[in-house]
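Copied from TrEMBL, the annotated features are:
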- 1-18: signal peptide (SIGNAL)
- D89, D364, H368, D405, H406, H485: Zn(2+) binding site (BINDING)
- D89, H196, S198, E359: Mg(2+) binding site (BINDING)
- S133: active site, phosphoserine intermediate (ACT_SITE)
- 539-560: transmembrane segment (TRANSMEM)
Amino acid sequence: MIHWKVALLCTLVVASSAREIVQRSEEGQEREHYHRSSNLHLKPVKQAFTEAELESKYWNDAAQESLGAKLKMEEVSKVAKNIIFFIGDGMSSQTVAATRMYLGNENEQLSFEKFPYLGQAKTYCVNRQVADSACTGTAYLSGVKINYGMLNIAASVPRYDCDYEKTNETEIFGIMKWAQDAGKATGIVTNTRITHASPAASYAQSATRGWEYDVEVRDAGCDQEKTMDIAQQLVRNEVSKNFKVAMGGGRRYFLPRDVNDGEGARGYREDGKNLVEEWLETHKAMGESEFVWNREQLLAVDPKKTEYLLGLFEASHMKFNLVVKEQNAQDMEPTLAEMVEAAVKVLQESEEGFVLFVEGGLIDLAHHDTTARLALDETAEYSKAIEHARKLTSEDDTLIVVSSDHSHTMTYNGYPTRGNDILGIGDVSDRDRLPYTTLSYANGPGYGETYNVANVAERLDISGYDFTRYNQRYLATVPLGSETHGGEDVNVYASGPFAHLFVGNYEQSALPHLMAYAGNFGEFYREIEEDKEDDDDGAGSSLVVSVPVVLIAVIVGLLMRP
């Protein structure tokens, strides 16, 4: 006979299992309830996969195609005449993956994901685990890691120190100077302020990224005669003065307070300097020059008759693509792709080739505000600009490198079904029975739309939110006025001559050295050429060298720097 204790135990186990089954059923019904009641956000999901994907043969055939394509890949080891370096500011790998869905399906590829070579770069600053765009900009453009918030000043100098001794050991010059010294044309394009951290890293030395115009320098207690603000540096520094192309936003920092720009916005400068007029005066003596401030003027530029081009298209940052469309401002605001095309065509007039730096900076601004739709749309626009640049150039003589300065805290999470709206509700929690979005942030202003302010332990019901709005903020865990960057490694995609150098995992500061080697200029050109002059077979135009040798040269060069 079965002991009564065993029988009781069995009864309890069965009852517990039954309750769990009922609970799971109720949770499933709860999810279905929210899915049915949230049709505004969760449209009926169409089958997002083909019938062929149900068969193993589909995936085996796809693998064979990938293998075949990789076996046919040939390393191009001839000198890169031109280099175009794209930075998607804040473009994490999760942002890239989510943008594929934004474009229609998980199996989509952004233009640069089709590039044959992929690596990863480590993004930390000397004194911070998670970087900003100033220290990373210095790393990927000048080849040296420095302190958080600073531009092209050695890590031995504290931030905000405007009295540091300006020497070759404290001030850093990077790939734009190396290229100019080799006779190449150079230029920068961004859709943020042209004085913002990423573009400023290509030409400015500043103890803090915040000194974009004279008032900020003065308010920091610095001598404006000794400490030049970033806008002035763009016009007066030797490197940036020789840029053939400089385009972005930020007109207000170039104009005095008593001067309005073409759209009626007043300048911010209090020193009375009109830096746009100064730029025009300086470049009039250097060659055919032109200043443009709207799309119509940009599209009218004749690259064969324009040696120097300055474009400032907004008082501050340029508008998000979705905002431009909503405001029907297409006639005033050029796209990133249009700016890239104008820049490439002007730079292509150089017989010695060119180096162009392009930043898709609005990805970052959207993430900081936890507006995921804007971030994904700007990533899609960034992809278009890269695709356009490849069409305007040849893979035979133009190296294109695509990366990011740092990541963000947005996550792509949950278990949504194929075909679910990436920007909508992903599922319902099995704890508080409330829906959550597929995309969310670890911190940021979206916190206010995630939790009940009166009771922060209570999550809000988001089923009534309109996630089709471009400025809808997404869920965030920690309350912050601005969402932060993330600290993980960022991808590096490469196509063209010596693109095979960019594989593996390395410090972000190696990037400009690898590019300079591919273009056969800068300090590595001299060292490598000296070695090759001793070779018995003589060196032709092709610089054939193994990846380990190049990486060793990069490391040795970095160790020799102050």
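Keep in mind that glycine also has a Cβ here, set from the backbone N, Cα and C atoms.
Neighbour counts were taken as the number of other C-beta atoms within 10 angstroms of each residue's C-beta; across the binding-site residues H196, H368, the minimum falls on H368.
In terms of Cα spacing, the recorded positions S133, H196, S198, E359 that come within 10 Å of H406 (Zn(2+) binding site) are S133. Nearest neighbour of H368 (Zn(2+) binding site) by Cα distance, taken over the recorded positions S133, H196, S198, E359: S133.
A Cα-Cα distance of 9 Å separates H485 (Zn(2+) binding site) from S133 (active site, phosphoserine intermediate). Looking only at the binding-site residues H406, H485, the densest Cβ neighbourhood within 10 Å occurs at H406.
Other Cβ atoms within 10 Å of the Cβ of S198 (Mg(2+) binding site) number 30 in total over all chains. Here D89 (Zn(2+) binding site) is positioned 8 angstrom away from S198 (Mg(2+) binding site), judged by their C-alpha atoms.
On the backbone, the CA of D364 (Zn(2+) binding site) and the CA of H196 (Mg(2+) binding site) stand 12 Å apart. For E359 (Mg(2+) binding site), the spatially nearest entry among the recorded positions D89, S133, D405 is D89, judged by CA separation. If you take the Cα of S133 (active site, phosphoserine intermediate) and the Cα of D405 (Zn(2+) binding site), they are about 6 angstrom apart, rounded to a whole number. Taking CA atoms as the reference points, D89 (Zn(2+) binding site) and H196 (Mg(2+) binding site) are 11 Å apart.
With respect to their backbone Cα atoms, H196 (Mg(2+) binding site) and D405 (Zn(2+) binding site) stand 13 Å from each other.
Around the Cβ of D405 (Zn(2+) binding site), the same chain contributes I87, D89, G90, T123, A131, S133, T136, G137, Y140, S198, V490, each under 8 angstroms and 6 or more positions distant in sequence.
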